[in-house]
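Enquirer: According to TrEMBL, the feature active site, nucleophile maps to A:C31, A:C34. According to TrEMBL, the feature disulfide bond maps to A:C31-A:C34. Under the heading domain 'Thioredoxin', TrEMBL lists A:1-107. According to TrEMBL, the site 'Deprotonates C-terminal active site Cys' annotation covers A:D25. Summarising the annotation, TrEMBL assigns site 'Contributes to redox potential value' to A:N32, A:P33.
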Amino acid sequence: MSIVVVKDSDFEEKVLRNTSPVLVDFWASWCNPCKMAEPILEALSEEYKDKLIIVKLDVDQNPNQTQKYDVMSIPTTILFKEGGEVGRQIGFAGRKAYEDLLKKDLE
Amino acid sequence: MVLFDKMTKRLKDPIRAGGEGIKTWDVAIIGSGPAGLTAAIYATRGAASTIVLAGEAWGGQLMLTTIVDNYPALPGISGPELMQKMRDHALKFGAELVAENLTAVDFSKLPFKLTTNKQKLTSKSVIIATGAQTLWLGVPGEDKLRGRGVSSCAPCDAPFFKGKKVAVIGGGDSAMEEALVLTKYANSVTVIHRRSEFRASAIMQKKVFEEKKIKVVWDSIVEEFLGEDKLQRIRIRNIKEGESKEIEFDGVFITIGYTPSTEIFEGQVELDEKGYIVRNSKLRSEISKLGEYRMSTTVPGVFVAGDVHDYHYRQAITAAGFGCMAAMDALRYLEGP
C-alpha cells in the first residue's frame, strides 16, 4: 500500500478531522534523507494499518501547512490525534525512531 | 597463476559456514560513504565475499551536500548522485549491501562478530569506514531548537529560509559552502566566527567576501540559542571585547567541524584522544606482521578507511583512496602469509 498524499487544501479533512491518528511525513523531492525514510514509512503504514494512517505532504507545494507547523527541516513527521499534534520526529533517524514515536503516542 | 589459485581456494571455502549456522564473510565493511563503497569495489573484485553494513541512512556526508566540484572526472556532479554511482559500482561486482545499523562488535577473537539491528554475522576481516558526523556547539537551546531553526545542513534546510535572516557558525570550507548555498534563499547571511580570520581555502574565502548578501562577525562565540517553538535570537559574545548581545535570526547553520563515529568501537580498537581510530604505526615494532598493513587498526584483521581515522584531508577522493588501501590490505591479510 502506498502512502496517501495530502495537500494544503485537504489537510483539515484528511488529517485534522480524521477519526484515526494520522502520521504526516513532510517531505520534498530534493531531500535525500526523505527518500531513505520513504520505504520505512511505507512498511510501517502496512504494519500499523489497524492503528493509524500515514500520509505525506510535499512542503514545496503546500507552504501553508508547512509554515503553520513550523517545519524548518525535512523529513519531519508529525503525529496528529483528534486534530492536535501529539508527537514529532525531526530528521531521518531510522526505523526505530519512527516506531518509538508511534508506540509512545498510540499506547 | 598463484593469485588465481588462492582466490579459487578462498571461493571454495565454506564461506557461509561460520558455525552455529551463522555465515562468515571474508570482509565486512562498516559504513557506506566513499571509503566504504570503494573498499567494497576492491574487495569484491579481489573475489572476497563482501558485506557492507550501510546503515539505515546510507551514503555518508556527501548525501547532505549539493554540488561536488573537486571529484576527478566528475566536475559538477551532485553529492547524492556520486554516492549512487559508487553504490551501483559496488553492487555490480557482487557486494551485498544491507541498510542496517551496527549495534555491537566483538573483535576479541576470530571470526569477528558483528551485530546489527536485524542480524548477527561473522567475518574474517573488517573494514571500519563509519566516517564522521557534525559537531554541535553544545550550548543552551541548541538541542531544543534543532530542526526548528537550528540546522547543520544548508543543502537540506536552506529552502525553508527563503527571504529570511540566517547565520552560519564556523570558519572552514564547509562554513563557506553553507553560507554560499544560503545566499540563494535567504535575504541576509551572517557568518559568525570565533577568530579574526577564516581557515577556509583562499578560493572559498574569496567567493564569500565577494558575495554582497554575506557579512562576517569576527571574534565571536555563541552563548545561547533563544526561542520558544522556533529560533528567534542568538546571543553571541565578542571574546576580544567581552561583550554579549542578542541578535535576531530565523535560522542558524552550525559547521564547526566533525566528530568521528567511533562510539561503538570503544574498547575494541585503539582510539586517540579525540575518538579517531588509531592506525597501527605505534605497534609496528611490536607486531612486525601488522606493520605491513598500512591501514590496519591495532587489531590484526580489522582495517580502517576514511574520515573515521583521517582528520587531516577529509575529502571524498582521499576517503575513496583510503578505502582502496584498506581493501587491498584486507585481501592480502586473507591470503595469509
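Each Cβ is built from the backbone N, Cα and C atoms, and glycine gets one as well.
Because TrEMBL annotations are produced automatically, they should be read as predictions rather than curated entries.
What you see is a predicted model, and the numbers here were worked out from it, not measured in a lab.
Show me how these features fit into the shown structure, please.
Expert: Other Cβ atoms within 10 Å of the Cβ of A:C31 (active site, nucleophile) number 21 in total over all chains. Following the DSSP three-state reduction, the secondary structure of A:C31 (active site, nucleophile) is coil.
For A:C34 (active site, nucleophile), the number of other Cβ atoms no farther than 10 Å from its own Cβ, over all displayed protein chains, is 22.
The number of other Cβ atoms within 10 Å of the Cβ belonging to A:D25 (site 'Deprotonates C-terminal active site Cys'), over all protein chains shown, comes to 23. DSSP gives A:D25 (site 'Deprotonates C-terminal active site Cys') a strand state.
In the structure as shown, the Cβ atom of A:P33 (site 'Contributes to redox potential value') sits within 10 Å of 20 other Cβ atoms.
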Enquirer: Report the DSSP secondary-structure composition of the domain 'Thioredoxin' (A:1-107) as helix, strand and coil residue counts.
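Expert: Tallying H, G and I as helix, E and B as strand, the rest coil: 40 helix, 27 strand, 40 coil.
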Enquirer: From the Cα of A:D25 (site 'Deprotonates C-terminal active site Cys') across to the Cα of A:C34 (active site, nucleophile), what is the distance in angstrom?
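Expert: Checking the Cα atoms of A:C34 (active site, nucleophile) and A:D25 (site 'Deprotonates C-terminal active site Cys') gives a distance of 9 Å.
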